[in-house]
Amino acid sequence: MPASQSRARARERNNVLNRAEFLSLNLPMKGSQEARSSSRKQGSQSGLAPTQNEGTKERRQSQQLPEEDCMQLNPSFKGIAFNSLLAIDICISKRLGVCASSASSWGSARSMITLIGITGHGVPWIGGTLICLVKSSTLAGQEVLMNLLLALLLDVMIVAGLQKLAKRRGPYDVHPGLLDYLTMDIYAFPAGHASRAAMVSKFFLNHLVLAIPLRILLVLWAFCVGLSRVMIGRHHITDVLSGFVFGYLQFRLVELMWMSSNTCQMIISIW
């Protein structure tokens, strides 16, 4: 036993790591371990804090808006059908926009298609109605022209209000012209030119005596005005169709508000 102990002592003495300059390597670094443990604790706490905050926020949102979450996870049939029809409308409108720019397939015909659209603009119609009203000398003609002017002004205001509410853009990035800004026809829904063409054509068909060929040409003109707005990329198909519907409703409204000859003469005398 003493021999073995002496040998162990000799080995410890001969061990290089037992020297004074190497003793610090064998001792554990308390400060570094404490720093590491504290950093780990802080990291775990900081990592848990945002996760806890996110969890509480999600719980609050799910408690406050359960119906919206259900609608996002389980969309209704009406929502799917509406989105599908909207996608079809955009796709077909983009394909029909053959004159949206000069680089389009029908870009050379853009000026002619734009001219067809101008025939349904509000400024030429209001200006022409005022000129005809000044030159008219019959009571019946003044009555019809005054009510037509009322219908045109109502059309401009109703379409401008609906466009401000909807704020729908066209299928292409086509900037409105100067005449469009004058009549506040800036957005796409509903199409102001289409509503005006439908209202004017229906007004003329009811209050003017026209031959059958002229009646057919009047209906074709209204259809061409609506189609031209789609071809230049200014409106969707649904914008034009809704414009036709609103134009007919505006005509019915003017029929209910029809001003008599005496009322028209009173307004003309004041003017």
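Heads up, the Cβ atoms here are built off N, Cα and C, so glycines get one too.
What TrEMBL says about a protein is an automatic prediction, not a curated fact.
If you look up TrEMBL, you'll see 143-255 marked as domain 'Phosphatidic acid phosphatase type 2/haloperoxidase'.
Summarising the annotation, TrEMBL assigns region 'Disordered' to 27-67.
Sequence annotations record features per position, and here TrEMBL assigns transmembrane segment to 144-162 (among others).
Under the heading transmembrane segment, TrEMBL lists 203-228 (among others).
Within its own chain, the transmembrane segment (203-228) has Cβ neighbours under 8 Å at 113-114, 116-117, 119-120, 144, 148, 151, 191, 193-194, 197, 240-241, 243-244, 251, 254-255, counting only residues six or more beyond its boundaries.
Along the domain 'Phosphatidic acid phosphatase type 2/haloperoxidase' (143-255), the predicted structure has mean pLDDT 91. Here the domain 'Phosphatidic acid phosphatase type 2/haloperoxidase' (143-255) has, by DSSP, the following mix of helix, strand and coil residues: 84 helix, 0 strand, 29 coil.
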